[in-house]
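The following features are taken from TrEMBL:
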- 3-167: domain 'DUF5931' (DOMAIN)
- 275-369: domain 'Histidine kinase/HSP90-like ATPase' (DOMAIN)
- 12-35: transmembrane segment (TRANSMEM)
- 41-62: transmembrane segment (TRANSMEM)
- 69-89: transmembrane segment (TRANSMEM)
- 95-113: transmembrane segment (TRANSMEM)
- 120-137: transmembrane segment (TRANSMEM)
- 143-163: transmembrane segment (TRANSMEM)
């Protein structure tokens, strides 16, 4: 995924923060200059701070400078300079350090890159040096600085982590939106071209005799498959891999097919919803091919606590039980594979009720979640 750089403002703020703290360290060094016992070392420490600030400003301004090797080097240099400061003091006031709060910039860099826990871990390095190395109990001001440093590492790290999460979600949503738009564009092309031709062949084929009837059957199968793809192109993209079954089935609605369901979305895992939609498509294909001219169909979606029920009912010519069993045994009507097989693969069942002149009703009962007893 392409990074949008949500954390970039934090790095820019860190650069300004480091420069400001360098200025503060300069004023502090001038103020405490008379009490330093090793002024050459104090000057060397401050010059190193200036050079390191310039280096980190250049590094943190670029993506390649926002890596762990750079942040760990930053923390190491800051810790070493802090240690050297105590030699400058020669046992004097431990609060009169040359570095002062300048070392906190390295902690915040680790927090921005690694999150709250790593930010607080980096702060512990500075805290240990601050509280242990002087050899005297920390003052109230030192303890205050320690707490603020620990909180700063955690809070800045948390903000950085939230920004990275937002960046990831935004990038994912952008890519999904682009994919949906492309699928919808292709779906329009298919609907306006190929589907129209297949529908025409499906309707007019039987008028051409036995060969035309076979051609119409094949065209009907391909039409159902393509309609399934078109419905998939228009289906909503759920953030957690779920799909609204009612919205998917609504795509079958036409002058001869009515679709009804709950007012609220019927959410299923996307793969299970796709299989169930394919089974319904096979049932509607049977209606188109076997129910007779002018037959209407009704698709109904119902929710239960653990299952989803989808029924496909038509007012066509119907069939006898022997006709249904014979068709299933010979692989026709889609009963064996496309309908019953899909339902059983989902851990559910399919029932079929029909009678001559009474139409046909197919009901799919499928659990919302995968059933371990489902057919492999």
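Glycine is treated like the rest: Cβ placed from N, Cα and C.
Tertiary proximity for the transmembrane segment (41-62) is limited to same-chain residues at least six positions away from its ends with a CB under 8 Å from its CB atoms, namely 11-12, 14-15, 18-19, 22, 25-26, 29, 33, 70, 74, 77, 81, 84-85, 87-88, 98-99, 102, 105, 109. Within the chain, the transmembrane segment (69-89) has long-range Cβ neighbours (under 8 A, six or more residues past its boundaries) at 35-39, 41-42, 44-45, 48-49, 52, 56, 59-60, 96-99, 102-103, 105-107, 109-110, 113-114, 122, 125-126, 129-130, 133-134. Here the domain 'Histidine kinase/HSP90-like ATPase' (275-369) has a mean pLDDT of 83 out of 100. Within its own chain, the transmembrane segment (143-163) has Cβ neighbours under 8 Å at 6-7, 10, 101, 104, 107-108, 110-124, 126-127, 130-131, counting only residues six or more beyond its boundaries. DSSP places the residues of the domain 'Histidine kinase/HSP90-like ATPase' (275-369) in helix, strand and coil in these numbers: 36 helix, 29 strand, 30 coil.
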